[in-house]
Amino acid sequence: MLKLVIIENMAEIMLFSLDLLLFSTDILCFNFPSKMIKLPGFITIQIFFYPQASFGISANTILFLFHIFTFVFSHRSKSIDMIISHLSLIHILLLFTQAILVSLDFFGSQNTQDDLRCKVIVFLNKVMRGLSICTPCLLNVLQAIISPSIFSLAKLKHPSASHILGFFLFSWVLNMFIGVIFCCTLWLPPVKWGQSSVCHTALFLFAHELHPQETVFHTNDFEGCHLYRVHGPLKRLHGDYFIQTIRGYLSAFTQPACPPVSPVKRASQTILLLVSFVFIYWVDFMFSFSRGVTWINDSLLVWFQVIVANSYATISPLMLIYADNQIFKTLQMLWFKYLSPPKLMLKFNRQCGSTKK
C-alpha cells in the first residue's frame with residue numbers, strides 16, 4: 001500500500017513537471033530570434049530541430065526528477081541513480097546550449113562568432129558533449145557486470161558515492177580542458193598554430209572521444225560472451241525479435257500491464273542499443289572531423305550534423321525509462337489515470353458542462 005502511494009505521488013510530480021516543462025519548451029521554440037530565416041532550408045531544419053530538442057529536454061527532465069526522487073527517498077542502489085541523474089542533467093544542458101546556438105545564428109553567420117556569449121556557449125556545448133560520452137561509459141561498465149564472481153572488476157558493481165563523485169569531478173575537469181583546447185583551435189586561425197599543431201590537436205581530440213567508445217565496445221563484448229557461455233547463441237538479437245521489441249515499446253502504454261522481461265532479453269536489448277548509440281556518435285564525429293580538417297562550412301552539412309548530434313540525447317532517456325520497471329509502471333499509471341482517451345474525454349465533458357452553467 002505504501003509503495004502504491006509513493007508511485008502515485010511520483011506520478012503527480014511527473015505530471016506537474018511535464019506541464020511546466022512543455023510550457024517552457026514552447027516558449028523556447030516560438031520566441032527564438034528570426035536571424036536564421038535567411039539560411040537556405042532553415043524551415044525544414046526548424047521542423048526537425050525544435051520538436052526534437054523539446055522532446056529530449058522533456059524526457060530527460062522526467063528521468064532526472066525520478067532518479068533524484070529515488071536517490072533521496074528510496075533504498076535502491078544509489079550509484080546507478082547518481083549516474084543516470086548526472087547523464088540526464090548533461091543531456092538537458094546539451095540540448096539547451098544547442099538551442100541557444102541555433103537561436104543566435106551561430107552556424108550561419110560569421111559575425112556572431114566574435115561575440116563572447118557565443119564563445120561561452122560553444123565551450124559549454126563542447127563540455128556537455130564530452131560528458132555525454134564519458135558518463136554512459138561508466139554506466140555501461142556497471143551494467144555489464146552480470147556475474148560478479150567471474151568478472152575481475154566485481155568490486156565496481158556497487159561503487160560508493162565518493163567514487164562516483166570522484167569520477168564526475170575527473171570527467172568535468174578533463175572535458176573542460178578539452179573544451180579549452182577545442183575553442184582555441186576554433187577561434188585562432190591555423191597560421192598561428194601551424195600545420196603540425198593542428199594535426200596533433202585533431203589526433204588528441206580523436207583519442208579523447210575514442211577511448212570511452214572503445215570501453216563501451218569491450219564491455220558489450222564481455223556481456224555478449226558471458227551470455228553466450230551461459231545461455232547459448234543469442235538468436236533473439238537478430239531479425240524479427242528486435243522489430244517485436246520496438247513494436248512492444250511503442251504499444252506498451254496501450255496495455256494495462258506488461259509481461260516481465262528476462263535478464264537475457266534485457267541484456268541483449270542493451271547491447272543493440274548501446275552499439276547503435278556508438279554508431280550515432282561515430283557519424284557525428286566523422287562530420288566534425290571532416291569539417292575541422294577541410295575547413296568547409298556547408299550549411300546543410302552543419303544542420304545535418306546538429307540533428308544527428310542531438311539524437312542520442314533524445315533517444316537515450318526513452319531507453320532508460322523503458323529499462324526501469326518502476327519508472328515504466330509510474331508512467332503507465334499516469335497514462336491510465338490522466339492521459340488515456342476516456343479520461344481526457346471525461347475531463348473535456350466536465351469542462352464543457354461547467355462553461356454551460
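A Cβ is built for glycine as well, from the same backbone N, Cα and C atoms used for every other residue.
Annotated features, as they stand in Swiss-Prot:
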- 4-24: transmembrane segment (TRANSMEM)
- 25-52: topological domain 'Cytoplasmic' (TOPO_DOM)
- 53-73: transmembrane segment (TRANSMEM)
- 74-81: topological domain 'Extracellular' (TOPO_DOM)
- 82-102: transmembrane segment (TRANSMEM)
- 103-130: topological domain 'Cytoplasmic' (TOPO_DOM)
- 131-151: transmembrane segment (TRANSMEM)
- 152-163: topological domain 'Extracellular' (TOPO_DOM)
- 164-184: transmembrane segment (TRANSMEM)
- 185-269: topological domain 'Cytoplasmic' (TOPO_DOM)
- 270-290: transmembrane segment (TRANSMEM)
- 291-300: topological domain 'Extracellular' (TOPO_DOM)
- Asn297: N-linked glycosylation site (CARBOHYD)
- 301-321: transmembrane segment (TRANSMEM)
- 322-357: topological domain 'Cytoplasmic' (TOPO_DOM)
Closest-packing stretch to the transmembrane segment (164-184), where packing means Cβ pairs under 8 Å, from 53-73, 82-102, 301-321: 82-102
Reported mean pLDDT - the topological domain 'Cytoplasmic' (103-130): 70
